[in-house]
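Q: Before anything else, here's the structure in question.
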Amino acid sequence: MIVTITFLYLFIPLLATFLYSLSTTWNETILPEGLTLKWFVDLYNDPRFIDALWRTIQLTGGTMIVSILIMVPAIFAITVYAPKYEKWLQTIVLFPYAMPGVVAAVGLLSIYSKSSIPMVIVLAGSYFVLILPFMYQGVRNSLRTVNAKTLVEAAELLGASRSTAFWKVIVPNITPGIMVSSLLSFSVLFGEFVLANILVGGSFETIQIYLYRRLRESGHLSSAIVVSYFLLLLVLSWIMVRFSRRGTLKLKKKEPIV
């Protein structure tokens, strides 16, 4: 019963948004007075939307790749080889929770607005810091789940170097955790508005800035953007789940039979 109520509580707003994105008018009736694909056609034929979507994917995707390349080896090294520093790293990655977005954006703007560093780079750096807690918790939990220290010790006893143990043993085992952390980080960055609006504004229009500006024009169009956003996340979730399951099955097939 509780599960059903929770599902309805979460699903009904999404259903209403979807219906509103397809409605011609919906003012005084329970259901839309008519259905149309006009708002989606207008949206996907708008070059600004395509450009904003592509910029957002580039920005969030690039930030996630850099975060994975830096954070995964760093968390692994501290967890396995220097656990005494883990409490300091855990404290550092929690800083984004303590810093409001507006305060961080205004501070960054006052520091870098007169420098030669492009504000897009500053925005990417702030996004890197923003997703630190999500990347850290996901990767750290995965390392603890697979008992990374024991795996590394076993690999080194068999003659593997530290780098080989990391890339050939640890990374395949924690790939599902990395994927989940990446998906969560992508969702957070894809929907981020405050930092992007203050730091770059219209000079680098992301999907959220585009949504904010079109919101004044038509609620139907805004609903179509939100539905497209959820569909994109759904597709990405499906791809990552399939990839993670495939990696898990490969690891199970390689396990020796004792």
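Please read every residue number as a count from 1 along the shown chain.
Cβ coordinates come from backbone N, Cα and C, glycine included.
The following feature annotations were taken from TrEMBL:
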- 53-240: domain 'ABC transmembrane type-1' (DOMAIN)
- 7-26: transmembrane segment (TRANSMEM)
- 57-80: transmembrane segment (TRANSMEM)
- 92-111: transmembrane segment (TRANSMEM)
- 117-136: transmembrane segment (TRANSMEM)
- 178-200: transmembrane segment (TRANSMEM)
- 220-243: transmembrane segment (TRANSMEM)
Q: So which residues does the transmembrane segment (220-243) touch in its own chain, when a touch means Cβ under 8 Å and the partner is 6 or more beyond its ends?
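A: Distal contacts: 14, 17-18, 20-21, 23, 39-40, 42-43, 49, 175, 179-180, 182-183, 186-187, 190-191, 207, 210-211, 214.
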Q: Residues of the same chain, at least six outside the transmembrane segment (92-111), with any C-beta under 8 angstroms of its C-beta?
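A: For the transmembrane segment (92-111), the list is 119, 122, 126, 129-130, 132-133, 136, 192, 194-195, 198-199.
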Q: In the same chain, who gets a Cβ under 8 Å from the transmembrane segment (57-80) while lying at least 6 residues past its ends?
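A: 86, 89, 120, 123-124, 127-128, 131-132, 135-136, 139-140, 143-144, 148-149, 152, 166, 170-171, 174, 178, 182, 185-186, 189-190, 206.
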